[in-house]
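Comments concern the structure below.
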Amino acid sequence: MLPTIITDIECLVTRPDRHNLVTVVVRTDKGITGYGCATFQQRPLAVKAMVDEYLKPLLVGRDANHIEDLWHMMMVNAYWRNGPVINNAVAGVDMALWDIKGKLADMPLYHLFGGKSRDAIAAYSHAASDTLDGLYQDVERLYTQGYRHIRCQLGFYGGNPDTLHSTRQPTEGAYYDQDQYMANTIAMFRALREKYGDRFHILHDVHERLFPNQAVQFAKAVEVYRPYFIEDILPPAQNEWLAQIRSQSAVPLATGELFNNPAEWQNLVINRQIDFIRCHVSQIGGITPALKLGAFCQNFGVRLAWHCPPDMTPIGAAVNIHLNIHLHNAAIQEFVAYPENTRKVFPQAVEPENGYLYPIERSGIGVGIDLDAARQFPVVYRPHEWTQSRLPDGTMHTP
């Protein structure tokens, strides 16, 4: 096979709507351009610097065909590895290289991987409100759109406490009360089942807001309401507690969006302490490690539910679709509708049809970026108040 030489790499940060989105563009001497998602929205300029200052000089002039070799070189070239900045930067290039390979072969990615395992992947979206009546409206809107898996949150992560027993002069932050959150969320599950029965699957994201002993209590309490899964019931640093939760509750557990390093998931998968893995594909380094992770999890009965929040590009979401159509143990795909400006910047963005995401038949990833439109929306820093999470006494807690 003739070489396909990398001639240029560009990293573009754009903020068309609420989130800063990072896209890597790889150009070649064959006139074929690849696109990848490298979004780390809290630190986008750090990723851009990694691509522009370090990966571009390393890769320009090399053969884009050798993805496996280039991935390993990018990952180890700095010696220190497997962190959110380097992994997202590597992932953006990795996805773009796979995009180029698919375009060279004139095949969509899922065909390049080996073809499909299913006709479509079930999607779930988010219903949230401060009140049950508002939540019901959101649920019914999504149900009418065809969703049969709906993530339900009463209030934002950690709930919105009706009353907060706060200190005299509270430090600025996003406050929540764990006890109120548990009580309100258990009541939410009960109300949803009483109103809707089993018409749809309920998912819920704890988002690491509980201490380990509270997580055990919560899992036992919600099991009777048959959630499809409970997400991030613990922060990664406390995942050894999953064995205790497992021993006391059959509630399905999902985790992984914060994982960077294979060491963070290997024992959880081998010991079958989770049911679904929720890795963020760019956070673990791109398509190359995601394919290996999928095959590894299949050996232990762990299913795939890739993280797909609104703070990633439609390019990254399309990569998830290709992985899910191909990988046999894919279970479900998160999806949040794109705002108008995001669709303008990514005009090929894919959306569900009656609750399913279908294969993308265009060559490569099948979703690119309108560079002129993207440049109309420059990066804007924001302090990300929701990650400044505090308990009633002012203690900072995992967001």
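Each residue, glycine too, has its Cβ placed from N, Cα and C.
Copied from Swiss-Prot, the annotated features are:
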BINDING   Asp205, Glu231, Glu257  Mg(2+) binding site
BINDING   His207, Glu257, Arg278, His307, Glu334  D-arabinonate binding site
- Cβ packing number for Arg278 (D-arabinonate binding site), 10 Å threshold: 21
- Secondary structure at Glu334 (D-arabinonate binding site) (DSSP, helix/strand/coil)? strand
- Message: Let's check the environment of Glu231 (Mg(2+) binding site): how many other CB atoms sit within 10 Å of its CB?
- Response: 24
- binding-site residues near Arg278 (D-arabinonate binding site): from Asp205, Glu231, Glu257, Cα within 10 Å gives Glu231, Glu257
- Message: Which one is it: of the binding-site residues His207, His307, which Cβ has the fewest other Cβ atoms within 10 Å in this structure?
- Response: His207
- Shell list (Mg(2+); ref centroid = CB of Asp205, Glu231, Glu257; cutoff 8 A): Val206, His207, Asp232, Ala254, Thr255, Arg278, His307
- Task: Please report the number of other Cβ atoms within 10 Å of the Cβ of Asp205 (Mg(2+) binding site).
- Result: 21
- Item | Rounded Cα-Cα span from Glu334 (D-arabinonate binding site) to Asp205 (Mg(2+) binding site), Å | 12
- In Å, how large is the greatest distance between any two Cα atoms among His207, Glu257, Arg278, His307, Glu334, the listed binders of D-arabinonate? 15
- Item | Glu334 (D-arabinonate binding site) versus Glu231 (Mg(2+) binding site) - Cα distance in angstrom | 12
- Task: For Glu257 (Mg(2+) binding site) and His307 (D-arabinonate binding site), determine the Cα separation and express it in whole Å.
- Result: 6
- Just how many other Cβ atoms lie inside 10 Å of the Cβ on Glu334 (D-arabinonate binding site)? 23
- Inside 8 A of the center formed by the CB atoms of His207, Glu257, Arg278, His307, Glu334, which other residues of the chain have their CB, for the recorded D-arabinonate site? Asp205, Glu231, Asp232, Ala254, Gly256, His280, Ala305, Cys308, Pro309
- Message: Let me check the 10 A CB neighbour count of Glu257 (Mg(2+) binding site). How many other CB atoms are there?
- Response: 22
